[in-house]
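As given in TrEMBL:
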type: DOMAIN; residues: 3-58; note: domain 'DUF6785'
type: DOMAIN; residues: 94-187; note: domain 'DUF6784'
type: TRANSMEM; residues: 31-55; note: transmembrane segment
type: TRANSMEM; residues: 92-109; note: transmembrane segment
type: TRANSMEM; residues: 121-143; note: transmembrane segment
type: TRANSMEM; residues: 163-185; note: transmembrane segment
Amino acid sequence: VWAADIRTFVMASCAHSLKLSEHMGRNVRPLFWVLLLAILISLVGSICTILHLAYEYGGINLNSWFFGGGARAPFDFIADKMKTPTDPSLEGWVNTLLGGGFMALLMIARHHLLWWPLHPVGYAVSMVWLMDQLWFSIFLAWLFKLVIIKYGGPRFYQLARPFFLGLIAGQFVTAALWLFIDFLAGMTDNVVFWI
């Protein structure tokens with residue numbers, strides 16, 4: 001739920017809200033409880049809505065992945081592993097130890113080296129499907145910001161911000177435009193960009 005799919009990507013919103021509140025000099029603790037309450041209310045509302053729509057229209061008619069293949073996938077995976085068991089994997093244990101050691105090194109470097117640019121959370125979420133789709137965009141944003149600040153300074157950074165915020169706004173305006181086209185056409189799946 002925290003970093004799996006853009007429709008359920010709660011981690012970034014919560015982290016940004018808490019950081020903005022901290023930056024503004026506000027007490028973060030009440031905001032944490034408000035965010036937790038909002039997540040719980042939206043979770044209950046989402047479950048009730050899904051149950052209502054699934055019983056009203058038939059879940060498989062709404063989305064075959066969410067109500068069919070996606071819901072079965074973990075159980076199919078476990079059933080397959082139970083049908084064809086494998087021996088313990090030395091390679092798997094070694095990779096787990098190497099990954100844990102690398103994560104420990106990233107955490108130590110982040111804590112002790114002020115100049116260290118890599119955050120350990122980036123390594124933890126690097127294998128998630130969403131990051132696989134978005135990593136290049138995130139890398140480009142970081143690279144542009146680095147070049148603008150290094151060679152243009154804070155003044156040029158402030159001048160360039162509206163352009164980059166306009167790119168983000170353009171993504172949302174385009175999505176809204178296609179939603180409007182779907183409404184006018186009376187059909188869905190006029191997809192240009194899936195996420």
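Glycine too: its Cβ is placed from the backbone N, Cα and C atoms.
TrEMBL does not curate its annotations; it predicts them automatically.
Where the transmembrane segment (121-143) meets the stretches 31-55, 92-109, 163-185, the count of C-beta pairs under 8 angstroms peaks at 92-109. For the transmembrane segment (92-109), same-chain residues at least 6 beyond its ends with a Cβ under 8 Å from one of its own Cβ atoms are 116, 118-120, 123-124. Across the domain 'DUF6784' (94-187), DSSP helix (H, G, I), strand (E, B) and coil residues number 81 helix, 0 strand, 13 coil.
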